[in-house]
Amino acid sequence: MVTYSANYSTSFQKRSPFAVHNRRSNMARMDFNNIVGDPFALITISTSLIAWLLSFATCVISDIQGAFPNFAWWAVGYMLCAIIGISLVLASQTSHVYGVAIVGYLAAGLTFTTLAVNSLIYDDQASKQAGAAGFILQSMVTIVWIFYFGSSSQTSSRPYLDSMGAGKEHPSYRNSKPLSTNYGARPETVVSGNQPPQMYTSAQLNGFETSSPVSGYPPTAANGAENGTQNRFVGPAIGSQSNLGGGSTLGADHPSTPNEVSQPTVYPYRAKAIYSYEANPDDANEISFSKHEILDVSDVSGRWWQAKKASGETGIAPSNYLILI
(Lines of atoms letter the chains of each structure in order from A and count residues from 1; the text may use other names and numbers.)
(Lines give C-alpha, C1' and ligand atoms only; values in the text may rest on other atoms or scores of the structure.)
Protein backbone atom coordinates (compact mmCIF):
# COMPACT_ATOMS: atom_id res chain seq x y z
CA MET A 1 0.00 0.00 0.00
CA VAL A 2 1.32 3.40 -0.98
CA THR A 3 0.67 5.90 1.76
CA TYR A 4 1.67 9.44 2.46
CA SER A 5 2.63 10.88 5.78
CA ALA A 6 0.38 13.46 7.36
CA ASN A 7 3.27 15.91 7.07
CA TYR A 8 2.48 16.26 3.37
CA SER A 9 -0.91 17.72 4.15
CA THR A 10 -1.17 21.49 4.13
CA SER A 11 -3.49 21.22 7.11
CA PHE A 12 -0.59 19.98 9.26
CA GLN A 13 2.12 22.21 7.87
CA LYS A 14 3.35 25.16 9.91
CA ARG A 15 4.38 28.31 8.17
CA SER A 16 7.91 29.52 8.54
CA PRO A 17 8.30 31.97 11.44
CA PHE A 18 10.29 34.21 9.13
CA ALA A 19 7.42 34.34 6.63
CA VAL A 20 4.94 35.14 9.39
CA HIS A 21 7.25 37.86 10.69
CA ASN A 22 7.62 39.38 7.23
CA ARG A 23 3.87 39.48 6.72
CA ARG A 24 3.18 41.06 10.07
CA SER A 25 5.96 43.59 9.75
CA ASN A 26 4.30 45.33 6.82
CA MET A 27 3.10 48.69 8.04
CA ALA A 28 0.06 50.52 6.79
CA ARG A 29 0.76 52.87 3.91
CA MET A 30 -0.48 56.43 4.12
CA ASP A 31 -2.49 57.66 1.15
CA PHE A 32 -4.52 60.83 1.55
CA ASN A 33 -6.37 59.99 -1.65
CA ASN A 34 -8.38 57.69 0.60
CA ILE A 35 -9.72 60.81 2.31
CA VAL A 36 -10.18 62.91 -0.83
CA GLY A 37 -11.94 60.06 -2.60
CA ASP A 38 -14.26 59.24 0.32
CA PRO A 39 -17.07 61.79 0.75
CA PHE A 40 -17.79 60.68 4.31
CA ALA A 41 -14.19 61.07 5.45
CA LEU A 42 -13.72 64.32 3.54
CA ILE A 43 -16.88 65.96 4.89
CA THR A 44 -16.43 64.95 8.52
CA ILE A 45 -12.73 65.83 8.69
CA SER A 46 -13.26 69.16 6.91
CA THR A 47 -16.15 70.06 9.21
CA SER A 48 -14.20 69.15 12.32
CA LEU A 49 -11.20 71.23 11.20
CA ILE A 50 -13.38 74.26 10.49
CA ALA A 51 -15.08 73.88 13.87
CA TRP A 52 -11.70 73.50 15.60
CA LEU A 53 -10.29 76.62 13.92
CA LEU A 54 -13.40 78.56 14.97
CA SER A 55 -13.12 77.47 18.57
CA PHE A 56 -9.35 78.05 18.65
CA ALA A 57 -9.53 81.57 17.21
CA THR A 58 -12.39 82.65 19.45
CA CYS A 59 -10.70 81.17 22.52
CA VAL A 60 -7.58 83.22 21.76
CA ILE A 61 -9.67 86.38 21.41
CA SER A 62 -11.63 85.64 24.58
CA ASP A 63 -8.43 85.02 26.55
CA ILE A 64 -7.02 88.36 25.40
CA GLN A 65 -10.19 90.25 26.24
CA GLY A 66 -10.56 88.99 29.79
CA ALA A 67 -10.99 85.99 32.05
CA PHE A 68 -11.18 82.68 30.24
CA PRO A 69 -11.77 79.14 31.58
CA ASN A 70 -8.51 77.22 31.31
CA PHE A 71 -10.35 73.92 30.85
CA ALA A 72 -11.40 75.02 27.35
CA TRP A 73 -7.75 75.02 26.27
CA TRP A 74 -7.45 71.36 27.20
CA ALA A 75 -10.49 70.60 25.04
CA VAL A 76 -8.93 72.53 22.14
CA GLY A 77 -5.64 70.61 22.35
CA TYR A 78 -7.29 67.23 22.85
CA MET A 79 -9.60 67.59 19.86
CA LEU A 80 -6.71 68.65 17.63
CA CYS A 81 -4.90 65.41 18.47
CA ALA A 82 -8.11 63.42 17.91
CA ILE A 83 -8.71 64.98 14.48
CA ILE A 84 -5.12 64.31 13.40
CA GLY A 85 -5.29 60.72 14.62
CA ILE A 86 -8.56 60.00 12.83
CA SER A 87 -7.20 61.56 9.64
CA LEU A 88 -4.20 59.22 9.75
CA VAL A 89 -6.40 56.19 10.39
CA LEU A 90 -8.73 57.00 7.50
CA ALA A 91 -5.79 57.75 5.20
CA SER A 92 -4.26 54.34 5.93
CA GLN A 93 -7.61 52.49 5.88
CA THR A 94 -7.00 50.92 9.29
CA SER A 95 -10.27 51.88 10.96
CA HIS A 96 -11.10 48.20 11.51
CA VAL A 97 -7.82 47.81 13.42
CA TYR A 98 -8.02 50.86 15.67
CA GLY A 99 -11.80 51.28 15.81
CA VAL A 100 -12.17 50.32 19.48
CA ALA A 101 -9.42 52.71 20.61
CA ILE A 102 -10.84 55.52 18.48
CA VAL A 103 -14.28 55.15 20.05
CA GLY A 104 -12.74 55.43 23.52
CA TYR A 105 -10.78 58.56 22.64
CA LEU A 106 -13.79 60.15 20.96
CA ALA A 107 -16.00 59.42 23.97
CA ALA A 108 -13.54 61.34 26.16
CA GLY A 109 -13.36 64.14 23.58
CA LEU A 110 -17.15 64.42 23.52
CA THR A 111 -17.10 64.92 27.28
CA PHE A 112 -14.46 67.65 27.01
CA THR A 113 -16.24 69.58 24.25
CA THR A 114 -19.56 69.36 26.11
CA LEU A 115 -18.00 70.79 29.28
CA ALA A 116 -16.34 73.54 27.23
CA VAL A 117 -19.71 74.46 25.74
CA ASN A 118 -21.21 74.66 29.21
CA SER A 119 -18.39 76.99 30.31
CA LEU A 120 -18.68 79.40 27.38
CA ILE A 121 -22.19 79.51 26.02
CA TYR A 122 -23.81 81.32 28.96
CA ASP A 123 -21.35 84.22 28.88
CA ASP A 124 -22.42 87.57 27.42
CA GLN A 125 -19.12 87.95 25.56
CA ALA A 126 -19.63 87.31 21.83
CA SER A 127 -16.25 85.66 21.33
CA LYS A 128 -17.00 83.07 24.02
CA GLN A 129 -20.37 82.30 22.48
CA ALA A 130 -18.68 81.85 19.10
CA GLY A 131 -16.19 79.49 20.75
CA ALA A 132 -19.09 77.53 22.22
CA ALA A 133 -20.57 77.24 18.72
CA GLY A 134 -17.30 75.74 17.49
CA PHE A 135 -17.30 73.19 20.30
CA ILE A 136 -20.94 72.30 19.58
CA LEU A 137 -20.06 71.60 15.94
CA GLN A 138 -17.12 69.45 17.03
CA SER A 139 -19.43 67.53 19.36
CA MET A 140 -21.81 66.80 16.49
CA VAL A 141 -19.01 65.45 14.30
CA THR A 142 -17.70 63.40 17.23
CA ILE A 143 -21.10 61.75 17.69
CA VAL A 144 -21.12 60.78 14.00
CA TRP A 145 -17.60 59.35 14.28
CA ILE A 146 -18.49 57.32 17.37
CA PHE A 147 -21.41 55.79 15.50
CA TYR A 148 -19.22 55.03 12.46
CA PHE A 149 -16.18 53.55 14.20
CA GLY A 150 -18.29 51.79 16.82
CA SER A 151 -20.54 50.04 14.30
CA SER A 152 -19.77 46.51 13.20
CA SER A 153 -19.09 45.72 9.55
CA GLN A 154 -22.20 43.52 9.61
CA THR A 155 -24.49 46.53 10.02
CA SER A 156 -26.17 48.07 6.99
CA SER A 157 -24.81 51.58 7.59
CA ARG A 158 -21.09 50.79 7.78
CA PRO A 159 -20.74 49.04 4.38
CA TYR A 160 -22.86 51.78 2.80
CA LEU A 161 -20.57 54.52 4.09
CA ASP A 162 -17.49 52.53 3.10
CA SER A 163 -18.82 52.04 -0.42
CA MET A 164 -18.80 55.80 -1.03
CA GLY A 165 -15.07 55.74 -1.60
CA ALA A 166 -14.94 52.52 -3.61
CA GLY A 167 -13.66 54.23 -6.72
CA LYS A 168 -10.44 55.58 -5.24
CA GLU A 169 -9.57 53.29 -2.39
CA HIS A 170 -6.43 51.24 -2.54
CA PRO A 171 -5.41 48.20 -0.49
CA SER A 172 -2.99 49.68 2.02
CA TYR A 173 -2.97 47.52 5.12
CA ARG A 174 -1.49 44.20 4.09
CA ASN A 175 -3.45 41.19 5.22
CA SER A 176 -4.72 42.73 8.46
CA LYS A 177 -7.43 40.82 10.31
CA PRO A 178 -10.46 42.94 11.16
CA LEU A 179 -12.10 40.39 13.38
CA SER A 180 -10.87 37.17 14.88
CA THR A 181 -7.41 35.95 13.92
CA ASN A 182 -7.85 32.54 15.54
CA TYR A 183 -8.57 30.48 12.43
CA GLY A 184 -6.69 27.32 13.22
CA ALA A 185 -6.54 24.65 10.55
CA ARG A 186 -8.87 25.33 7.67
CA PRO A 187 -10.32 22.75 5.29
CA GLU A 188 -8.44 22.29 2.06
CA THR A 189 -11.17 22.93 -0.49
CA VAL A 190 -8.76 23.10 -3.42
CA VAL A 191 -5.77 20.81 -3.90
CA SER A 192 -2.58 22.45 -5.16
CA GLY A 193 -0.68 20.88 -8.01
CA ASN A 194 2.47 20.41 -5.96
CA GLN A 195 0.79 18.80 -2.96
CA PRO A 196 0.33 15.00 -2.74
CA PRO A 197 -3.03 13.70 -1.52
CA GLN A 198 -3.63 13.21 2.16
CA MET A 199 -4.11 9.49 2.77
CA TYR A 200 -3.80 7.23 5.77
CA THR A 201 -3.43 3.52 6.34
CA SER A 202 -6.11 1.42 7.96
CA ALA A 203 -4.01 1.25 11.14
CA GLN A 204 -3.94 5.04 11.40
CA LEU A 205 -7.69 5.20 10.85
CA ASN A 206 -8.48 2.51 13.40
CA GLY A 207 -11.55 3.54 15.35
CA PHE A 208 -12.80 6.01 12.70
CA GLU A 209 -14.66 3.52 10.53
CA THR A 210 -18.18 4.49 9.52
CA SER A 211 -21.15 2.22 9.96
CA SER A 212 -22.22 2.68 6.34
CA PRO A 213 -19.97 2.69 3.27
CA VAL A 214 -19.29 5.81 1.26
CA SER A 215 -21.42 6.05 -1.85
CA GLY A 216 -19.78 4.32 -4.80
CA TYR A 217 -17.33 2.21 -2.77
CA PRO A 218 -19.16 -0.79 -1.28
CA PRO A 219 -17.10 -2.98 1.07
CA THR A 220 -16.68 -6.64 0.21
CA ALA A 221 -17.02 -9.32 2.82
CA ALA A 222 -14.42 -11.53 1.13
CA ASN A 223 -11.63 -9.11 1.80
CA GLY A 224 -12.28 -8.47 5.50
CA ALA A 225 -12.65 -5.31 7.46
CA GLU A 226 -9.23 -3.98 6.52
CA ASN A 227 -9.87 -3.76 2.78
CA GLY A 228 -13.32 -2.34 3.44
CA THR A 229 -11.79 0.38 5.53
CA GLN A 230 -9.23 1.12 2.83
CA ASN A 231 -11.94 1.40 0.20
CA ARG A 232 -13.96 3.77 2.30
CA PHE A 233 -11.24 6.13 3.41
CA VAL A 234 -8.53 5.98 0.76
CA GLY A 235 -10.67 5.54 -2.31
CA PRO A 236 -12.65 8.79 -2.27
CA ALA A 237 -9.48 10.88 -1.95
CA ILE A 238 -8.31 9.74 -5.41
CA GLY A 239 -10.27 11.35 -8.18
CA SER A 240 -8.85 9.12 -10.92
CA GLN A 241 -10.15 5.85 -9.47
CA SER A 242 -13.60 5.05 -10.72
CA ASN A 243 -13.81 1.37 -9.81
CA LEU A 244 -12.33 -0.49 -6.88
CA GLY A 245 -12.88 -4.20 -7.12
CA GLY A 246 -12.69 -6.79 -4.35
CA GLY A 247 -9.20 -7.29 -2.97
CA SER A 248 -7.81 -4.28 -4.81
CA THR A 249 -5.05 -2.30 -3.12
CA LEU A 250 -3.46 1.04 -3.83
CA GLY A 251 -0.36 0.48 -5.88
CA ALA A 252 1.06 0.99 -9.33
CA ASP A 253 -2.20 -0.04 -11.01
CA HIS A 254 -4.07 2.78 -9.32
CA PRO A 255 -1.85 5.88 -9.29
CA SER A 256 -3.12 8.86 -7.34
CA THR A 257 -3.89 12.03 -9.22
CA PRO A 258 -4.33 14.93 -6.82
CA ASN A 259 -5.07 17.49 -9.53
CA GLU A 260 -8.24 15.68 -10.57
CA VAL A 261 -10.19 16.72 -7.49
CA SER A 262 -13.19 18.51 -8.89
CA GLN A 263 -13.94 22.10 -7.98
CA PRO A 264 -17.45 23.40 -7.40
CA THR A 265 -19.22 24.52 -10.56
CA VAL A 266 -22.18 26.24 -8.91
CA TYR A 267 -21.77 29.46 -6.92
CA PRO A 268 -25.25 30.27 -5.57
CA TYR A 269 -24.15 33.07 -3.24
CA ARG A 270 -22.68 36.50 -3.86
CA ALA A 271 -20.48 38.32 -1.39
CA LYS A 272 -18.95 41.78 -1.20
CA ALA A 273 -15.46 42.37 0.16
CA ILE A 274 -15.57 44.80 3.08
CA TYR A 275 -11.78 44.82 3.37
CA SER A 276 -8.89 44.24 0.99
CA TYR A 277 -7.05 40.93 1.27
CA GLU A 278 -3.75 39.79 -0.19
CA ALA A 279 -3.30 36.06 -0.53
CA ASN A 280 -0.49 34.28 1.22
CA PRO A 281 2.21 33.61 -1.41
CA ASP A 282 3.00 30.30 0.30
CA ASP A 283 -0.56 29.01 -0.19
CA ALA A 284 -1.71 28.56 -3.78
CA ASN A 285 -5.30 28.01 -2.65
CA GLU A 286 -5.92 31.57 -1.43
CA ILE A 287 -7.02 34.41 -3.70
CA SER A 288 -6.48 38.14 -3.40
CA PHE A 289 -9.25 40.69 -3.73
CA SER A 290 -9.76 44.39 -3.23
CA LYS A 291 -12.22 46.23 -1.05
CA HIS A 292 -15.81 46.31 -2.38
CA GLU A 293 -15.07 43.62 -4.98
CA ILE A 294 -17.97 41.24 -5.69
CA LEU A 295 -17.25 37.51 -5.45
CA ASP A 296 -19.33 34.42 -6.22
CA VAL A 297 -19.37 31.95 -3.33
CA SER A 298 -20.21 28.24 -3.46
CA ASP A 299 -20.31 27.47 0.26
CA VAL A 300 -20.79 29.81 3.22
CA SER A 301 -20.11 27.33 6.00
CA GLY A 302 -16.88 27.62 7.94
CA ARG A 303 -14.29 30.35 8.26
CA TRP A 304 -12.94 29.99 4.70
CA TRP A 305 -15.28 30.24 1.72
CA GLN A 306 -14.73 28.84 -1.76
CA ALA A 307 -15.04 31.92 -3.97
CA LYS A 308 -14.80 32.88 -7.61
CA LYS A 309 -13.77 36.30 -8.92
CA ALA A 310 -15.23 38.06 -11.93
CA SER A 311 -12.05 37.20 -13.85
CA GLY A 312 -12.73 33.49 -13.33
CA GLU A 313 -10.02 32.97 -10.71
CA THR A 314 -11.13 30.62 -7.95
CA GLY A 315 -9.80 29.92 -4.48
CA ILE A 316 -10.58 30.32 -0.81
CA ALA A 317 -11.19 33.59 1.02
CA PRO A 318 -11.55 34.40 4.73
CA SER A 319 -15.22 34.77 5.61
CA ASN A 320 -14.69 37.72 7.95
CA TYR A 321 -13.51 39.80 5.00
CA LEU A 322 -16.78 39.21 3.11
CA ILE A 323 -20.44 40.04 3.58
CA LEU A 324 -23.27 38.30 1.74
CA ILE A 325 -25.39 40.45 -0.55
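The backbone N, Cα and C atoms fix where each Cβ goes, and this holds for glycine too.
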Membrane side match, GLY66 / ASP123, Swiss-Prot record: yes
When counting Cβ pairs under 8 Å to the transmembrane segment (97-117), the leader among 41-61, 71-91, 130-150: 130-150
Same-chain residues near the transmembrane segment (71-91), Cβ under 8 Å, at least 6 residues beyond its ends: 30-32, 34-35, 38, 41, 45, 48-49, 52, 55-56, 59, 98, 102, 105-106, 108-109, 112-113, 115-116, 119-120, 131, 135, 138, 142, 145
Long-range Cβ neighbours of the topological domain 'Extracellular' (62-70) (under 8 Å; 6 or more residues past either end): 116, 119-120, 125, 127-128, 131
Contact set, same chain, for the topological domain 'Extracellular' (118-129): CB under 8 Å, 6 or more residues outside the stretch: 58, 61-62, 65-66, 68-69, 71-72, 135-136
Tertiary contacts of the transmembrane segment (130-150), as residues 6+ beyond its ends and Cβ separation under 8 Å: 40, 44, 47-48, 50-56, 58-59, 62, 72, 75, 79, 82, 86, 95, 99, 102-103, 106-107, 109-110, 113-114, 116-117, 120-121, 157-158, 161
